[in-house]
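A.B. asks: Structure provided below as structure tokens; questions to follow.
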Amino acid sequence: MGAAEPVVERESEEVEVRGENGEKKEEGEERDVEKGEEVGFEYEEQAVAAESNTNDDHNQRDVHMSMMHRLNPTNPLRIVINSNTRAATPPPPSRFSHGSNNIRVGATPSPPHFSHTPPHSQPRSTPNPQPSITTLNSRKYTNKISLFLFLLHMVAAIGLVGFLIFKGVQGLIEASDNRVKRAEKRVLKFFLPQVEAASLLSITLAFAWQKAVRVWPKFFVHFILWTTFLMSLSAGILLICFQKPASDGVGVCFIAFAIGNGLYACWISQRIGFCSKILIKSLEPVSKFPDLNQPIYWMLGVGFLWMSLWNLAVIGALNFYFTPLMIVLLGLSLAWTAEVMRNVANITVSRVISLYYLRGMQSNTKFCFQRALSKSLGSACFGSLFVPAIEALRIVARALNLLEGEDEFMFSCAHCCLRVMESIFRYGNGWAFVQIAAYGKGFVKASQDTWELFERQEMEQIVDSDITSSICFLTGVCSGSMCVIVVAAWTARVHQSFTATISILAFFIGYLMTRIAMTLPHACVGSYLVCYAENPDNRLFDNTIKDRLALMKSGRDVAILTPRVPRRFAAR
């Protein structure tokens, strides 16, 4: 993606064909790489036949010319021929051809033009400038340093989890102190069952939410906004009712979030209609790929197994030195690992959907998944590490700009912070995963190119006002709050002192598992917007975005826009 139309790089003789959206495609590369099928392509046989008939008329002359060109330039016979004959200059290149291996369809070559050349002079062809090549079949590994760090982290995490599980079992079996044994048994009896139940509940809710958003997308947006408000408020009130300092603190956090959630739901009420239209339209290609959910199911299964082992490691950390530090390290490791799994599924779905929009291809989901786990894994690791932090800081900066006041200095500082975050956002944003999936770019380059596409189509306000990522985030919070309600009520009955700790772990697990499941709608909306920015005239897109842009330019759009840097500060 860029300023020019991407030209697909080829490595063997191929035939140019046209995709469903009217763009050129290269059958050899895409069939070989994606192992998929292309839809709606036909050869123009009559044009090829006409070209072959024209070429037959010049067969005899071409034979003589080819014999001459095979002679060495210093050969005496070549010199004699050059002094007594006329050399043919090559015809101008056709606009339909880009290389010597292409078969030009629908164009008849012009007859050669003969001109006198002086003796001992050779005809020279002027090289034509080639457009920048953007390949759909990049074989490079992206962001190799991030990939190395993640693999190193996984080796260390697996070793630490195994060691802590061993320490937990050792403390349970070989501990000489009966007090240690009693503590271990108490944890296994009153801690492990609730956490594992939270894992099972979270994966069940994850499947339910994903099914609901595909079947009832418009209803789901309204439902999740207010269900999250009710669930988080209920979880906070329940924890406060236990009247323990730790559970009271956690409960206050849930209630504060519920208040913010309610205000946000009221603030974006005018955006919901447009968001629902984009969500419905972007989910239409999903029916063409029955196996599109398989990578997400694999990630959910692997995530569930890893979290089960992680829970055992947390129990083992209770029987080891520096228990709080070990639990914090385990939590950070789990968060990064779960985010990488989510973005691997994101890249897989984005590649399948974006190639459908850009080239009219029905790609094989399995090979796209393999590519995401190999070539694009480095970008997934890099993006998983920085995108959540960048987007969180950007939200905070925008929230500060919503406040009004008379202190010019304070709000100048707030606008300055927002400008800094906007600049950073150009070099790292969640929309980049579409270009990473389609073209195999690095994360920073993909972020820059994607934002340039949005600026070229004047889509910044539409992208900023999109609430799909917020809906996916709130879905994870809703699942986590439900897990907290179930687990906290259970723990309060059997061992109340564990209530706050188990509630935090249950929320963490429920949130992460649901975010992995909500990758499908998030990736579909991202692919729809980014591919539209690259080719708005594609017939697979309707007028939803065009009409929205027209309303915004005419000033008739009544939706409340996302706060950006005011013009009076942008020039400073």
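Cβ atoms are placed via backbone N, Cα and C, with glycine included.
Annotation source TrEMBL lists compositional bias 'Basic and acidic residues' at 7-38. Annotated compositional bias 'Low complexity' per TrEMBL: 113-123, in sequence order. Taken from TrEMBL, the feature compositional bias 'Polar residues' applies to 124-136. Marked as region 'Disordered' by TrEMBL: 1-60, 84-136. What TrEMBL lists as transmembrane segment is 145-166, 187-207, 219-242, 249-270, 320-338, 471-490, 496-513.
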A.B. asks: Which stretch, 219-242, 249-270, 496-513, tops the Cβ pairs under 8 Å count with the transmembrane segment (187-207)?
C.D. replies: 496-513
A.B. asks: Near the transmembrane segment (219-242), which same-chain residues lie under 8 Å Cβ to Cβ, leaving out any that are not at least 6 residues past its ends?
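C.D. replies: The answer is 209, 212-213, 248, 250-258, 261-262, 265, 272, 275-276, 279, 467, 471, 474-475, 477-478, 481-482, 484-485, 488-489, 492, 496, 499-500, 503.
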A.B. asks: Are there residues at least 6 beyond the ends of the transmembrane segment (496-513) whose Cβ is under 8 Å from a Cβ of it, and what are they?
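C.D. replies: Answer is 190-191, 194-195, 198-199, 201-203, 205-206, 235, 239, 242, 244, 246-247, 249-250, 300, 303-304, 307, 311, 314, 331, 334-335, 338, 476-477, 479-484, 486-488.
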